[in-house]
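To start, the structure under review is shown below, and the notes come after it.
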């Protein structure tokens, strides 16, 4: 059995090439990178010729285009659903949450395919092609006479007096929309993992670069989002939806071509000689169930004899002890049974435990995802009712206010990297200033404050509508500036800096090395389930509050609705889950202590 690297602190699961003589210092100073290959499948590649920032820049460029495309579709989607498609506000919000849930959940499937079969590079290529097709068909659905919903007069007081689109038109639109979700399935978990793969975590200098990569990655996402909000939202509102959907299609196509230019410079994970990582971990659970009633045998002695190392779990040796049953050999020939895959190795069991340890953190971050979804639904609808004038002849698109999340995130990333981390490092002695879980928890707390502020601002908006007699005039502009909403968007950007980036780094780092795409898909699934959960909460509240002729909290007439009450509900749920998060994060044992 191969000796696994750095068993004591869990930094690596890769086999040591030079047995006991290959120490960390040699790895750090080597001009070659282990565990990766070049585009031809070469086993040993030179550090200076492959990977690094040059290769990562191609990948970041592709993701900027993807963010531009994604926000070009989702940020103003509620305007299209409640406008040309004639859906009610609550139905539109539910559809957006359902679609977003699929967008963030399908990466679990895409990551499995990438890590087990295709590899990240091929998965990115196939997913990008589908991603290009999606907005292309959306543009067609908004321009082709037979596919475009009928126009509604601008002076119409409500969508009920307009001709509804045909079933075929609605189906074609949502088919095109969900093609984008399918494109995201392989794209979202693989691009970031593939980008991080361009840096060697065992090399001192490149390890620092990898930490900066996650921040720069988010910086690129913000840049793509800002450009999208500044251009596409205005085009969609003032020129046409066909052009607003068509431009992202063109950008994605160009970005894919640029990405392919870097093919010969990338580092590719060496996976063809490894066991399927999902089957490797799945075998642990199967073996543990088979040995459920079996007492512990001589597995420890066997493990020590084969590896030359004391048999001890480097991760969670006192957690999920039922999985230790997978180490028990129930056959007569212990060595022979190991060759046939049973019992499982210590490395397999600790990898299974590492994955299982992630789920309490995963569950206790769901309310953060619910809060984050409000920026593209109800926050945007609030903005559409306010005074958005910027000078005498220009009106800011309601969805464009979302760019303040990206703008604030760019500013906060600089402050975080240059000021906060060095100051925190001086107090804590930790390389990153604070641990990843502390970073995530800080963002969850800030998101709770954000919803409380949103509730207060919405109460102010409703009171202004009442004071000016606009309660029953849903299309009238409320004499309250759009800038009232900016603080909640800025706080949401700050929460994103802490929680979203922290989750990316946490789920990439804490899963076994062969499952890093799966790890990032687990991160994205938080937002998928959070979107579904948001839709469920909205549906329940809508049914309860609209009984007996009362106005729903999500009435199409927002001046009669009570989004402020809904926001306070989210505050309460966030507080409960934040307490649970503190409990589970406090007891979590990091898999890679050196990086924490």
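Residue numbering: from 1, along the chain as shown.
Quick reminder: no glycine exception, Cβ is built from N, Cα and C everywhere.
Because the structure is a prediction, the values reported are computed rather than measured.
Copied over from TrEMBL:
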REGION    1-29  region 'Disordered'
COMPBIAS  17-29  compositional bias 'Polar residues'
TRANSMEM  56-78  transmembrane segment
TRANSMEM  98-118  transmembrane segment
TRANSMEM  125-147  transmembrane segment
TRANSMEM  167-187  transmembrane segment
TRANSMEM  213-235  transmembrane segment
TRANSMEM  241-261  transmembrane segment
TRANSMEM  355-374  transmembrane segment
TRANSMEM  394-416  transmembrane segment
TRANSMEM  437-457  transmembrane segment
TRANSMEM  489-508  transmembrane segment
TRANSMEM  520-541  transmembrane segment
TRANSMEM  565-584  transmembrane segment
Same-chain residue ranges lying at least 6 outside the transmembrane segment (167-187) that approach it to Cβ under 8 Å: 66, 69-70, 73, 85, 95, 99, 102-104, 106-107, 109-111, 113-114, 123-124, 126-135, 137-138, 140-141, 147-149
Distant-in-sequence neighbours of the transmembrane segment (98-118), which means Cβ under 8 A and at least six residues beyond its ends: 74, 77, 126-127, 177-178, 180-182, 184-190, 271, 276-279, 373, 376, 514-518, 520-522, 524-532, 535
Outside the transmembrane segment (565-584), six or more residues from its ends: residues with CB under 8 Å to it: 360-361, 363-368, 370-371, 374, 378, 440-441, 444-445, 447-448, 451-452, 454-455, 458, 537-538, 541, 553-554
Touch test for the transmembrane segment (394-416) and the transmembrane segment (241-261), at least 3 Cβ pairs under 8 Å: no
Chain residues outside the transmembrane segment (241-261) and at least six past its termini with a C-beta under 8 angstroms from it: 58-59, 61-62, 64-66, 68-69, 72-73, 76, 80, 84, 124-125, 128-129, 131-132, 134-136, 138-143, 228, 231-233, 235
